[in-house]
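What TrEMBL records for this protein:
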type	residues	note
DOMAIN	1-150	domain 'VWFA'
DOMAIN	198-237	domain 'EGF-like'
DISULFID	CYS202-CYS212	disulfide bond
DOMAIN	282-321	domain 'EGF-like'
DISULFID	CYS286-CYS296	disulfide bond
DOMAIN	324-363	domain 'EGF-like'
DISULFID	CYS328-CYS338	disulfide bond
Amino acid sequence: MVDTLDVGPDATRVAIVNYASTVKIEFFLKNYFNKLELKKAIARIQPLATGTMTGLAIKTAMNEAFTEQSGARPRSRNISKVAIIVTDGRPQDQVEEVSAEARASGVEIYAVGVDRADMRSLQLMASIPLEDHVFYVETYGVIEKLTSKFRETLCGVDSCAMGHDCQHTCVSTNTSYHCKCWNGYVLNPDKKTCSLQSVDPCAMGHDCQHTCVSTNTSYHCKCWNGYVLNPDKKTCSLQSVDLCAMGHDCQHTCVSTNTSYYCKCWNGYVLNPDKKTCSLQNVDPCAMGHDCQHTCVNTNASYHCKCWNGYILNPDKKTCSLKRVDPCAMGHDCQHTCVSTNASYYCKCWNGYVLNSDKKTCSLKQAKMELVEDPCKCEARVAFQKQTQAAIQQLTAKNILSDVR
């Protein structure tokens, strides 16, 4: 295999990790840049003892052989790191996780099984696609037949590294290269330069159930024929056939359902037994809703509230209060005026009368004349008072001032 390689500091670099029950790095990538010296070093390698610690060998290669300190070139130079694992048995340790880690670090793994090698283990180790990275041979001597395959895959000339005229990205092929544009750009007809791509919002991703329609800076969803867009503006529902629009015999309103229709009347009308025509409804204002506390009484076009027995309607004409019992209205024996209290009554006389001791009848109030002695001792006033007193006494004696009923 080495004979087919172009070995050198700026060409292919080779390292060998020998493994069995233990692992040994025979030489690093930085050790041999001459094909003759490389072949001599390989010829001096002695097989290790029995055992198959394949997982440990992969980890050692990843952590020690494929480092810049050991001769690996920086990843920025876009030079492939390739590991060819040759085994003739089943691994004695785990290979799946460490192989995945190696592949994630940029190492491309080819797995070659010899004789009794375990095919499942080879598949767990190799890069994808497996059909290009997993090989099986009956003996070690047959591995030479894979030489051309490895050289074609691993050591092809990097046409881009030789120089290119791509405006954005150069992509090498086996014998040539082609240009590729960055995201958001398209390749011009000259196959070298790139132009800004008109953004297709739908192509950027959408959540339309049926069809996405791009606008200048956004998009909207559209449904297939026979479907209608739901309120979420994304999903679609099967469009119901409007049977009413196809003809009906409803007098007032036709209401479509999924497979039929029914008739409905306007407000104030009721559907007749034929389920098609309508008749004017006897409007019951109380049945339409009211705010009476006790009883609602219908009128022709409105209603009024009425209270139960023993209650009276409040000024708001809606609520009711317990009616007070008027003892006077129930009957009394007052001569003049009856005054109700909470649970009884009392009698009261008119002005100028006084209530007698029976608390029912009234008598005329007697005028009470008093002589007031004037501190001034005015003789004329005293004389006048005496005359007035004498006149009152005379009138009384003649029964002119008496108790008149």
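Every residue, even glycine, has its Cβ placed from backbone N, Cα and C.
Source: prediction; values computed, not measured.
All features noted in TrEMBL, drawn onto the structure.
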residue : record         : CB count, 10 Å
CYS202  : disulfide bond : 17
CYS212  : disulfide bond : 19
CYS286  : disulfide bond : 17
CYS296  : disulfide bond : 18
CYS328  : disulfide bond : 16
CYS338  : disulfide bond : 19
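Spacing of CYS212 (disulfide bond) relative to CYS296 (disulfide bond) is 60 Å (Cα to Cα, whole number). The two recorded residues CYS328 (disulfide bond) and CYS202 (disulfide bond) have their Cα atoms spaced 92 Å from each other. With DSSP states grouped into helix (H, G, I), strand (E, B) and coil, the domain 'EGF-like' (324-363) comes out at 0 helix, 13 strand, 27 coil. Break the domain 'VWFA' (1-150) down by DSSP state and the numbers are 61 helix, 30 strand, 59 coil. Mapped onto DSSP helix, strand and coil, the domain 'EGF-like' (282-321) counts 0 helix, 13 strand, 27 coil. Within its own chain, the domain 'EGF-like' (282-321) has Cβ neighbours under 8 Å at 268, counting only residues six or more beyond its boundaries. In this structure, the C-alpha atom of CYS286 (disulfide bond) lies 42 angstrom from that of CYS338 (disulfide bond). Outside the domain 'EGF-like' (198-237) by six or more residues, the chain places 184 with a CB less than 8 A from a CB of the stretch. Here the Cα atom of CYS296 (disulfide bond) is found 36 Å from that of CYS338 (disulfide bond). Note on the domain 'VWFA' (1-150): mean pLDDT across this stretch is 89. Note: the Cα of CYS338 (disulfide bond) and the Cα of CYS202 (disulfide bond) are spaced 95 Å from each other.
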